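Structure, as structure tokens:
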Amino acid sequence: MDYEPDGTQELLIDSAQERTARRTEHLLLAARLSFFFFHGLLIISASMGFQEVSWWLIFTPAWLGDTICLVLVVLSWFGSCPYVQSCLQERQARLGDANPSILTDILPDIVMGILSLVYMLLALLAELLLCRYLSELSNGFDAAPVAPVVVFMLVSTLTCCRGVCIFTSSVLFCCIGLAALSTCVLVLALPGQPTPWVLFVPWAAAVLCLLIAAVCQLQRCRSILCREEVLLRILELVVLTLVLSSVLVTIVELAPSVAVGDGGRYAGIAGVVAGTGICALSALHARMAMAESRFGAVSERLLIAEMSCQDPGTSLRSSVISGVGLEVGGDLSLSARSGPGSWRSGRMIRVVGPPDPEVADAATSAEASEPQQM
């Protein structure tokens, strides 16, 4: 055991159990990225324009992606069990300062994993109903889209609730949930079969919002990002712009008043580009997650930067800041001379405040009185 000067006890444990501390979080992230990646492949498959291929075969990427997501979600329930067992044996909520707490971090992730299973089952049911509806239409049957649309509305509402209630990736879930919900409302509200271009308008607005949010986040975090992370986020902006352009081209080509040439062919090409962009975004976010696992979470780095760059506007604040030091354990370094992109991966962060003047005066007077008593 190692004791710090302030009397705190540090647990320096490097074991196989400790390495599973964030496995639940990583499995849930892998499930989310797999969902987007395989549905990007679904957009590519549906945009290829196969005439004699069954819709059940076209939806093969969706079936494969949903299966992988279900497996990853179930595995996430037990991913951090070795670490939880170690914490229970030590009778502590966490092992060391670098690892998550089983009460405030791992347990909420497990609960989210259970809710994610329900969400994925509903999404799978909605896709099955949609595939059956499209298959009946292609075979010449008179089918109504009420059943798949109702289930999709439930799924999109849950997506919006996830974005509103949880801060992490809230913009992504809110935009996608609102776009899907708006599309379902348009399908039910417009009489007969609505023109296809109207259904793409909510998705153009959603991609535009995601692009604006990505630009704002890059401007806010650029000073604390390393070169690789800045490059990844710039590539994300490029891909989002490409996806937005593809959706706009699809709207223009399918609109009857502005259609030019073979609108179906150009719309199919735009769909392939959009699906490829979604797959690329999934890969970029996977790489971003790997970078954050090495350099530390962006939110934590922003917090350190804000604490170190507070404006000493008042005498009280300046007196506190002048005596406050940032002690960063592990391998995360932050100094006043560090420039943008100088972050290294870190673990423990502790703020060391100035000593209490009253306690210091009492200690000084006690030391002065000891020789007199002797």
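The backbone N, Cα and C atoms fix where each Cβ goes, and this holds for glycine too.
Taken from TrEMBL as is:
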{"type": "REGION", "residues": "353-374", "note": "region 'Disordered'"}
{"type": "TRANSMEM", "residues": "27-50", "note": "transmembrane segment"}
{"type": "TRANSMEM", "residues": "62-85", "note": "transmembrane segment"}
{"type": "TRANSMEM", "residues": "106-126", "note": "transmembrane segment"}
{"type": "TRANSMEM", "residues": "146-164", "note": "transmembrane segment"}
{"type": "TRANSMEM", "residues": "171-191", "note": "transmembrane segment"}
{"type": "TRANSMEM", "residues": "197-218", "note": "transmembrane segment"}
{"type": "TRANSMEM", "residues": "230-252", "note": "transmembrane segment"}
{"type": "TRANSMEM", "residues": "264-284", "note": "transmembrane segment"}
Non-local residues, at least 6 beyond the ends, that sit with Cβ under 8 Å of the transmembrane segment (264-284): 33-34, 36-37, 39-49, 232, 235-236, 239-240, 242-243, 246-247, 249-250, 253-254
Stretch of maximal Cβ-Cβ contact with the transmembrane segment (197-218) [cut-off: under 8 Å; candidates 27-50, 106-126, 171-191, 230-252]: 230-252
Same-chain residues at least 6 beyond the ends of the transmembrane segment (106-126) whose Cβ lies under 8 Å from its Cβ atoms: 21, 24-25, 27-28, 31, 35, 66, 69-70, 73-74, 76-77, 80, 83-84, 100, 148, 151-152, 154-155, 158-159, 166
